[in-house]
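Asks: These came from TrEMBL, pasted as-is:
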- 28-61: region 'Disordered' (REGION)
- 48-61: compositional bias 'Polar residues' (COMPBIAS)
- Gln340, Glu390, Asn441: S-adenosyl-L-methionine binding site (BINDING)
- Cys469: active site, nucleophile (ACT_SITE)
Amino acid sequence: MASCRIFTQRPLKIQDVLLHFRQGYATSAAHQPEPADPRPPEVAAQDRTANNPTSLSPQNDPQLFRGILGRAGVKVAVPVGNQYKPDPLLRQQLTAENQYEVLAQTMTPLSHIPYEDQLKFKWERNKKLVVNISRTLSKHIPMLYVDQDGLMCPVDPVVPSPLLTHFRNKDEFSVSTGIDGYSRRVGFYVGRSREGNVVCVAPRELINMKPSHRLLGEMFEKFLEMSPYDSCRQGPAGFVGHWKSITARSNRAGDLMASVIIHPQSLSAEELTTEKNRLVEFFVNGPGKECNLKSLYFQECRHSQCPPLLAPYQLLYGESHLYEHIGKLKFRISPSAFFQLNTEAAEKLYEKIAEVIKPDLNSVLMDVCCGTGTIGLSLAKRFDKVLGVEQDLVAVDDANYNAKANEIRNADFYCDAAEKAIPRLLKRKEFTYTNVSAVVNPSRSGLSVKVINALRKTPQVDRVIYVSCMPIGNAMRNILDLCLPTERALPGENFFPVRAVPVDLFPHTDHCELIVVLERNRVYYV
């Protein structure tokens, strides 16, 4: 069967994508005439001859956007023949020559699109998400007001990122087998595990990564060349090998923290100490000295992931923490603590949260999933009291330290399960507030139903600010559960969406942070 593609004669533009969003139907090249090629016939013919199945440029290959469009809810019919593979990440298409290009297009798939058009794409995508939420709620709440665009609340323009390149302050490099068979390659995975073609590719052409992070990965690979131990990988009977990963964290001052993770297997304490000493010697006095590390940590992890309480981070060299400024506040960052990847854009995010939360000096702010306290402390001067809840003990310790270091006396942070802490704290005599705003910024797995019900059943909570970096999926389910009418599984009064604000923390990717403002006691009926 002959291959059939969309826009084969001209580059794929974001305007084409937005057109199909607005038209709201699946596009099929088989039922539409191909656009005329404005170029001379000999140039067009030469281009068609040169066009081959290994071309991976998004401007020539609209199929690279197939996954993005699918996740955005747009169905694009693209019949594919034997001459064209549907997935650019298949092993047979990945070569030593194009591996860096493939990795760049996997991790920054929108990098070939002008940034203004990236923002349009992300706005359309988030608008569609709010439309889907509005449609679902209107089925359960009769006479619910929805405007002519299918929205029950407005969607603001996307807040752009102030920094478009080299903005990531954290990168986790895996140690695994490269396309050349070398088993100690340091980089990121490319491929599909179900196809058995996953390989590790070094990050040489990623525009969102800091050069200092890339240098750390390269130096760690040089260190591994001299190590007597191989990379850690999953075998039939469990993990085999030792070296798992290295994580780079940095701040805007240029300080760099490295955290090396190893599977100890059956290594003795003396053998592990030898490797620790070799790491310190390499990065302090050896070739790795070029990285100019501020901190070097070491973790012994026997599982896929290990929380600090299960496998503590061991400081081998340097300072115990990094420090970063958000606005006028200074924050301490531990090796395992959550901190927004784009510091400059995070400042814009917190400014927007402060704008939409409608602060009141006679009310309290509940910072659920507070991490190191960045959101709660940034808003502390606008509220009478800030109460933060987090299950990560190390993060809570950082949050309380940050409050004290910034001389913020109206903020307290607790290590507890949110579903227990929310009603328990608000029942205290000293916290007799009738007006409570809750900010929730969970991980990609979202909130549990218990936390959802705790928010719904606590009448003092009249406003919820839901912040998510992955609004499609669990976050959307959370928002619906907060807004659906009262029932046995969802007790308590429900909320209603009143505003959605996208903030771009991830330029050149299809991800976008989304703030959804939910309120009670509002009239949303026709």
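In case you wondered, yes, glycine gets a Cβ from its N, Cα and C as well.
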Asks: Across the listed S-adenosyl-L-methionine-binding residues, Gln340, Glu390, Asn441, what is the farthest Cα to Cα distance, given in whole Å?
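Replies: Among the residues the record ties to S-adenosyl-L-methionine, max Cα distance equals 16 Å.
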Asks: Relative to the Cβ position of Glu390 (S-adenosyl-L-methionine binding site), how many further Cβ atoms are located within 10 Å?
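Replies: Taking every protein chain into account, the count is 26.
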Asks: Quick one: Cα separation, the residue listed as 'active site, nucleophile' versus Asn441 (S-adenosyl-L-methionine binding site), in Å?
Replies: 9
Asks: Can you name the residues of this chain that are 6 or more positions from Asn441 (S-adenosyl-L-methionine binding site) yet have a C-beta less than 8 Å from its C-beta?
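Replies: For Asn441 (S-adenosyl-L-methionine binding site), the qualifying residues are Val368, Cys369, Cys370, Gly371, Ile375, Val467, Ser468.
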Asks: For Gln340 (S-adenosyl-L-methionine binding site), just count the other CB atoms lying within 10 A of its CB, please.
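Replies: The answer is 22.
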